[in-house]
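Pulled from TrEMBL, these are the features on record:
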| type | residues | note |
| --- | --- | --- |
| BINDING | GLY103, GLU104, SER105, GLY106, SER107, GLY108, LYS109, THR110 | ATP binding site |
| DOMAIN | 10-693 | domain 'Myosin motor' |
| DOMAIN | 810-1002 | domain 'TH1' |
| REGION | 571-593 | region 'Actin-binding' |
Amino acid sequence: MAGIHEGPEFGIGDFVLLRELSLDAFMENLKLRFEKSKIYTYIGEVVVSVNPYKQLDIYNSSYVQEYKDREIYERPPHIFALADNAHKTMKRQSRDTCIVISGESGSGKTEASKIIMRYIAAVTNISGQKEVERVKDVLIKSNNILEAFGNAKTNRNDNSSRFGKYMDINFDFKGDPVGGHINNYLLEKSRVIYQHKGERNFHSFYQLLSGSQDAMLSEYKLTRDPQKYNFINQGGDPKVGSINDKQDFRGVMDALKATGFTSDEISTTWKIVAAILHLGNLEFVGEDDATINNQEEPSIIASLLGVTKDNLVKTLLSRVIAAGGQVVDKLLNVQEAQYANKAFSKALYDRLFTWIVGRINDAIDPKKGGIVGKNTVIGVLDIYGFEIFDNNSFEQFCINYCNEKLQQLFIELVLKQEQEEYMKEGIEWQHVDYFNNKIICDLVEIPHNGILAILDEACLNVGKITDETYLEAMAKKLSKHDRFTCRQLEPADKTLEHHRDFRIKHYAGDVTYSVIGFIDKNKDTLFMDFKRLLFNSSNAVLKSMWPEGAQSVNETSKRPITAGTAFKNSMIELVQNLASKIPYYVRCIKPNEVKSPLLFDDTRTRHQVMYLGLLENVRVRRAGFAFRMAYDRFLKRYKMICTKTWPNYKGQVVDGVRALIDSQGYSSDVKYGKSKIFIRSPQTLFALEKARTAKIPSVVLFLQKHTRGALARKRVKRLRAVYLIMHHYKRYKLRSYALACLEKFKNAKKMKDYGLSVQWPKPPNTLRATVEMLKKAHLRWRAFMILSRIPVADRPMMRLKVMAGDVLVGKRADWGVKRNWEGNYLASSKDNSNTADFVSAINTLKSKDQFKTILFSSYVKKTNKFNKTAERGLVITDKFIYKVDAKKKFKPMGHGQLLTQITGVSLTPGKDQLIIIHMSGGNDFVVSLENPAHEERVGELVGILVSHMHKILKSDLKVNISKSLNCMLGHKLRTVVVKETATNNGTVFKKEGDGLALYWPAS
């Protein structure tokens, strides 16, 4: 649960569950959570937020998902939970909701509103509609613009909102944002012309000087030094460590473009800011009638505002008065001119800010976006916090009145909500004492005798009415009010200045106000001359900001409403608006004045806790019962601690809750409503949580066991199903492929090439290896079919021809493939008339060298290292190569050389019979085969050698085919070429240079 499941080291997450309900216990828990970086704590559904003064990684997308569509009690306290609850309630009930963010300046209100906006943007518009995306972008980026023109550095806060902002975000029936509307309240425009020491004017002035390009500054006749401009240099050093004005200017420019401001509108906006800077530097001199000392400034201002210099100067130095049908120009003295100039500057900035808010509203107006039908809203109120300064003027009075109204609404709505829930549930309401600040609100706003009514009366009086006479009027009319005092009523109180101060005992504490400037600020006087001047501007954007300038000089107009009354009316309207919605609250607290992430100022924080009414909020929320929860949720959460309700209770939910409570012995500490159980003391809830926590491990183990078993069974079933499907699918693919192959090769036996040209179907991945085997089988079958046509006796010869063809096809013109290969030609009478002598000589060699058969024999012409050509016989057996002398009855010439000494053969691509058998001993056989029939026998010899060498050496014999051949004779490298000759003397080897040439007959 949100209140207690973070762990005891972090304190209590919901103040309603405090064991002891006292201010000390409240402060102790708040301090502990701040020190542990737990900045959010609940009071029921109210979020108490403490400014951490440091970056916390608790707003990323994972946190968004953690809180999205969750009940507020399901997760640790967080502002996301409140935002989600407001959005969810709006969707479920189709009712408007609002989020009221309150607290003093520097407590983190503006940051809280931005966090809420970002969360709502993150959890909506899953469908990605373009218009919805645009609205979200405008809503988020408008913050940059409003902060630039409405926020300023104060002594309490570097980014203090100096205006009140209430934003309605419109949602469609799906809960997606489709538009919105912003209301702004009481911009502190006095800051435009004056700042306290250590403070700054609005951020926009410094952003313009720091971030704009040189060309822009030159056009506006500005320099980057803020100290040169009277309206922004009064606070001292303009630099702020936590603010980057240059970077912020770029962000504001991007936001203005994204929000839909045109280039002319953006230019006019910054021109007005620049004009105000120049207005602050005007020097009025003169004893009677004022004149302007530095004449270059009016020219610049006139150019920026799109008016003539003469008209501007006339408006600054005189005033048009219409009386009795006559129009008179009244010249102003120095003091009057200075006052008029400052009023003009304030009004100029105020109109600019109001116009900016209006333009943003135009961009996000749901009607302009084409949205029709009913839509609901979430209101977000980010408004000034209670302020007590050393010098409190009219602005602080209005701000503190605003906080009184909101506090009154807060107490009334919380009290009302609690009473309604108790009544709905049939539980007796416990009376709660709380401070009702209606008496303070009445002191300010009651007609006739309220402070604002007295102020308006003073402003309406004709004659010399001063702030002092206004103070005297208040002292007279409010003398019996115990919340108001001044020095006239309490002469002994020296903390109040005579004729200047009055004090109001606010709910948040006593505040002393200086009455000086109240009448002027309430009248908010701006001569019509300035309105006419700007209405006649050549700048259409600027002109649109001053529509009342169209009024004629002689035309009488209704007296404008005073600033105080306008603010009072807007506050009453705001409170009525908030009261019509389902409210959610964020109460922001500032832990110290030095912006330290470590310091918790107990006194300062205690004061805020008291004036925010947080303790009263806890009392109202408890009203006798610390905790309440719907029966079904309660039973689901705690059913495991009771055997009667675990694992499931069969019966009415309320009966199950009763059985659970009775089993734990807490019947006396609870009440049963119509849909909820109410628990009186936090100790009971803690005991229930402790019992639940003790049971959870065994429940988790039980669930894990069954879940793992179920998952394992499910996984096995899936695997079995997968394997079964795979098995049948493989069989199907195999059968399909086999049928496809049969179809392709059904006529292969009748084909000339036995299916060699048939394209195999593409096999499935699992059959690739099988298909390769099938291809080999097909090739073997094809070879068998081809060989079956060849007689058995011819097959050895065919094998030799195949071996020879592998190395000779395409490389030698003729290699004897068409004739019969006999091999042992010297044993044939066709080649050798003395076969008997040859057979006798070979038998002698066979018995001597133990070879088995003759592979090849033929007459040859050979050459030697002396380049001599001789006729010999060449005999190649299964073991040796022999040279025999045919003229000496085939007598061997020396010992035979082992076949294993052969390293390769060389021959030419022509028709000659030259063949070189390379030997490893450095003496090659260089011969030309001779036969009476002049048959081609080189191919036969190559086939025999390649086949036999592969058989005995298990490797391929190297065969070189080239027109120019190399050989070794007598251990010397020689080159052999073939040349055709016309002589008929037969083949002959001759020396040619360092090499040899075989002269081969041309025919």
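From the backbone N, Cα and C atoms, a Cβ is placed for every residue, glycine too.
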Please compute the mean pLDDT of the model over the region 'Actin-binding' (571-593).
89
Those residues of the chain, 6+ apart, with a Cβ under 8 Å from that of THR110 (ATP binding site)
GLU147, ASN151, ASN159, SER161, ASP382
Other C-beta atoms that fall within 10 angstroms of the C-beta of SER107 (ATP binding site):
26
Fewest neighbouring Cβ atoms within 10 Å among the binding-site residues GLY103, GLY106 goes to GLY106
So LYS109 (ATP binding site), by the Cβ count within 10 Å over all chains shown, scores 27
When you measure from the Cβ of GLY108 (ATP binding site), which residues in the chain that are at least 6 apart have a Cβ under 8 Å away?
SER49, VAL50, ASN51, CYS588, LYS590
In the structure shown, which of the binding-site residues GLU104, SER105 has the fewest Cβ neighbours within 10 Å?
SER105
I want the residues beyond GLY103, GLU104, SER105, GLY106, SER107, GLY108, LYS109, THR110 whose C-beta is within 8 angstroms of the mean position of the ATP site's C-beta atoms, in chain order.
ASN51, ASN157, SER160, GLY385, CYS588, LYS590
